[in-house]
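Colleague: Provided herewith is a single structure, encoded as structure tokens, for subsequent inquiry.
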Amino acid sequence: MAISKVWISLLLALAVVLSAPAARAEEAAAAEEAAAAPEAVLTLHADNFDDAIAKHPFILVEFYAPWCGHCKSLAPEYEKAAQLLSKHDPAIVLAKVDANDEKNKPLAGKYEVQGFPTLKIFRSGGKNIQEYKGPREAEGIVEYLKKQVGPASKEIKAPEDATYLEDGKIHIVGVFTEFSGTEFTNFLELAEKLRSDYDFGHTVHANHLPRGDAAVERPLVRLFKPFDELVVDSKDFDVSALEKFIDASSTPKVVTFDKNPDNHPYLLKYFQSNAPKAMLFLNFSTGPFESFKSAYYGAVEEFSGKDVKFLIGDIEASQGAFQYNGLKEDQAPLILIQDSDSKKFLKEQVEAGQIVAWLKDYFDGKLTPFRKSEPIPEANNEPVKVVVADNIHDVVFKSAKNVLIEFYAPWCGHCKKLAPILDEAAATLQSEEDVVIAKIDATANDVPGEFDVQGYPTLYFVTPSGKKVSYEGGRTADEIVDYIKKNKETAGQAAAAATEKAAEPAATEPLKDEL
């Protein structure tokens, strides 16, 4: 199941400010000259991409589409950053790929580009690829990349080297007897892998660390965090085990959804997680809040062994979540669970004393899923058909037709521009009885787990046999019509595909002994 990344759009309403250090005087001066300088961003394409990745030990690549508004906004900042970094030692190279160009689409597929702009850091000839998670303005890009190009883990030689560990952020430190051996090698490997997410350090002096103990049994990995236990240790140096330890330890046991900007990084991590999510929403400013909080935290401890992440949200700060899930304030206090299959379970007007029992019913599989859906339209006569959550599977997967479906938001400017184009394409194809162009308001309806909707508009093309492809083609009516005509299945092709699919289980099912 793909991550339900629409959840992340809930956080766009938050005032998430990615702060960056002020530009140095020489960088500011260089920025003033940027407009007159030659383009510093490399233009890559299918023919030169591999050579460029192999040539540059460190390169940031932007996958963009010419029609993408966010890409257009990023372009001048990206170019300015490239010029500011052009003389950096070691070299920091910025490049771009038009992922909408037909010949470059295999590159976009290879590197799992699912939205625009997508930025990825390529290190060591492409052996290490990471998502870029830094700011989107020039000075912020520069400072972030300078940090990324240095060592993945810094040695802590003296107490003053460790003062940064108390800055209220998450830090990971490896404590060793010597900087060699399997444990140290594995630690550095993980630091390189996760360097875009966390700061790593290493030392042979445990007493240099805050709350340190010179007698600590080494080697170990110590994670510093500004919540819960404040310090947690692990002695398992298997890379996979270490990664799981860091992931589990770097988010509060209960994430708080309020207006405090210090909580925003944890919210992003929470909503990006694949794990089931339990969310209690209520008014933080009313009297019962403390009793609910106490009961909820008690439930979290009781179910601590379960694979679920917990959140408590203030109604005032959580309006995006309410709108996304089709909830109303008069339903609060409420608990909402979204599981790994995108199914949702709702308990409205919950009482503090009911929280544990309701969660137990969820874990025991006794609850009925809740689905947000607009009513199925009584009349649906326009060229572009309106689809809702309650009938999307019937229209898209069970209609035996070729369906181009748009996931849109009513407030989205790009969606508004696309609407008349889809109308024109649908009108052109009205005589094609095996073709449907449809749309669904993804803010008013739950998006099925089969679709990965990261932004608006998102379009998918689904054939009668069930083949599902993210549409990344042109945005004119003619281009859409041409794409559908070239890629649609005939009744015969769909039947053949269905027959082949039906035969697969029999061909692959292992022989079983029957008693």
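Each residue, glycine too, has its Cβ placed from N, Cα and C.
Pulled these from Swiss-Prot:
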- 1-25: signal peptide (SIGNAL)
- 26-150: domain 'Thioredoxin 1' (DOMAIN)
- Cys68: active site, nucleophile (ACT_SITE)
- Cys68-Cys71: disulfide bond (DISULFID)
- Gly69: site 'Contributes to redox potential value' (SITE)
- His70: site 'Contributes to redox potential value' (SITE)
- Cys71: active site, nucleophile (ACT_SITE)
- Arg136: site 'Lowers pKa of C-terminal Cys of first active site' (SITE)
- Asn283: N-linked glycosylation site (CARBOHYD)
- 346-489: domain 'Thioredoxin 2' (DOMAIN)
- Cys412: active site, nucleophile (ACT_SITE)
- Cys412-Cys415: disulfide bond (DISULFID)
- Gly413: site 'Contributes to redox potential value' (SITE)
- His414: site 'Contributes to redox potential value' (SITE)
- Cys415: active site, nucleophile (ACT_SITE)
- Arg475: site 'Lowers pKa of C-terminal Cys of second active site' (SITE)
- 494-509: compositional bias 'Low complexity' (COMPBIAS)
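Tell me about the setting of these features in this model.
Modeller: Helix, strand and coil content of the domain 'Thioredoxin 1' (26-150), in residues and according to DSSP, is 58 helix, 26 strand, 41 coil.
In sequence order, Phe116, Pro117 are the residues of the chain that are 6 or more apart from Cys68 (active site, nucleophile) and have a CB within less than 8 Å of its CB.
Taking all protein chains in view, 13 other C-beta atoms sit within 10 angstroms of the C-beta of Gly69 (site 'Contributes to redox potential value').
Cβ neighbours within 10 Å of His70 (site 'Contributes to redox potential value'), excluding its own Cβ and spanning all shown chains: 15.
Just so you know, the Cβ of Arg136 (site 'Lowers pKa of C-terminal Cys of first active site') picks up 16 other Cβ atoms within 10 Å once every protein chain is counted.
Asn283 (N-linked glycosylation site): 15 other CB atoms within 10 A of its CB, across all protein chains.
Across the domain 'Thioredoxin 2' (346-489), the DSSP tally of helix, strand and coil residues reads 44 helix, 27 strand, 73 coil.
Counting only same-chain residues six or more apart in sequence, the Cβ atoms lying under 8 angstroms from the Cβ of Cys415 (disulfide bond) belong to Glu406, Tyr408, Ala409, Tyr456, Pro457.
Annotation for Arg475 (site 'Lowers pKa of C-terminal Cys of second active site'): spatial neighbours Trp67, Leu418, Ile421, criterion Cβ-Cβ under 8 Å with sequence separation of six or more.
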Colleague: Please report how many Å separate the Cα atom of His70 (site 'Contributes to redox potential value') from that of Cys412 (active site, nucleophile), as a whole number.
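Modeller: With the alpha carbons as reference points, the distance is 12 Å.
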Colleague: Quick check: of the recorded positions listed here (Gly69, Cys71, Arg136, Asn283), which one has the Cα closest to that of His414 (site 'Contributes to redox potential value')?
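Modeller: Going through Gly69, Cys71, Arg136, Asn283 one by one, the closest to His414 (site 'Contributes to redox potential value') is Gly69.
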Colleague: Go through Cys71, Cys412, the listed recorded positions, and name the one with the sparsest Cβ surroundings, counting other Cβ atoms within 10 Å.
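Modeller: Candidates: the recorded positions Cys71, Cys412. Fewest Cβ atoms within 10 Å: Cys412.
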Colleague: Spatially, which candidate from the recorded positions Gly69, Cys71, Arg136 is nearest to Gly413 (site 'Contributes to redox potential value'), comparing Cα atoms?
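Modeller: Checked the recorded positions Gly69, Cys71, Arg136; minimum Cα distance to Gly413 (site 'Contributes to redox potential value') goes to Gly69.
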Colleague: Return the average pLDDT for the domain 'Thioredoxin 1' (26-150) as a whole number.
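Modeller: That stretch averages a pLDDT of 87.
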Colleague: Considering only the recorded positions Arg136, Asn283, Cys412, which residue has the minimal Cα-Cα separation from Cys71 (disulfide bond)?
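Modeller: Checked the recorded positions Arg136, Asn283, Cys412; minimum Cα distance to Cys71 (disulfide bond) goes to Arg136.
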